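Below: one structure, written as structure tokens.
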Ligand SMILES: *Cc1c(COP(=O)(O)O)cnc(C)c1O
């Protein structure tokens, strides 16, 4: 079928999409409506932790679909309980609330912090967040985000999110008042351009939070679930946060997210929090399969090793073409181009033939790599080879 025959006019415009309709996916590969294949180093924006159409996820989905789709969030179901326990067993947290998207989990974190502030901190409600951060597209999470221009598009904002600078502890301390209830950040800023919070900064934030009785909240929607080579990125800095949100990778491609907290922070009362699809067995069964695979012996060591391999290869390209270097953790990495050729590279990579390459440029001078965590070294080599070809052409 030719692209012109697809009824694209019925979709609301929200962004410029290439004239492609993807029809199939397997592992690190996608196929479009013409049968052309693409090596996918975007994976739905770090969502498909186990690649496209992972066998374990398919089995969990099929099995659960035949058993029970939705008893109502007001009742317990087995997959919801199993996944919650997998998460508490494998993290420093004690309590889990499931939601459907990263933004919704972050909304939950904001509500939980405000509730805790009302109960334990004299109604303190302000959450200090970081410049250039990204926390989602609802009104509150847009207000919490430090993305340029987002303060005005849908004004007025939700108040209560003063902005500090990532990796500048003094800029955080300066904003603390008796209205402050918490500090929230991404352990590695994803949309902001793959900028890791330093270990010292994370530890400093923990100390500040302890000193001023604040909640330390990590948004691990992008960094969590194995992406950074540890199950959760907070582990890299040796601190334990009070609240964590998960999204993207936790569902491996299906709509699932989670809000986790320490036992003494869980302050919701009946009716404070909920949602029609929260903890539905279909999605939590898939999440359970994802967690099982991520925590299988050796899996995360392999992610770490491949992250290191990707790092080395990006440094080879850096040397070869005089680029600005690379950064990131695990399999969330960026190549600093030094010139604003990111969008052009993304487009030309996609248009390569016979196979295309899917890349992402969160900033014009930067490429971000978010392959499936089970990507192979051969696929990393192939991606690097294709990128080398493009860089040669542009040089
Ligand atoms: C993607 C992302 C979100 C938003 O998740 P959605 O599922 O799109 O709502 C929030 N925080 C971070 C760090 C993200 O990368």
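Residue numbers in this text run from 1 along the chain shown.
The backbone N, Cα and C atoms fix where each Cβ goes, and this holds for glycine too.
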TrEMBL annotation, pyridoxal 5'-phosphate site containing 102, 103, 219, 220, 221, 222, 276 - matching residue among 75, 134, 154, 321: 134
Cα separation, residue 248 (N6-(pyridoxal phosphate)lysine) to residue 220 (pyridoxal 5'-phosphate binding site) (Å, whole number): 9
Binding-site residues near residue 248 (N6-(pyridoxal phosphate)lysine) (Cα-Cα within 10 Å), from 102, 134, 137, 221, 222: 102, 221, 222
Rounded Cα separation (Å) that holds between residue 222 (pyridoxal 5'-phosphate binding site) and residue 137 (N(2)-acetyl-L-ornithine binding site): 15
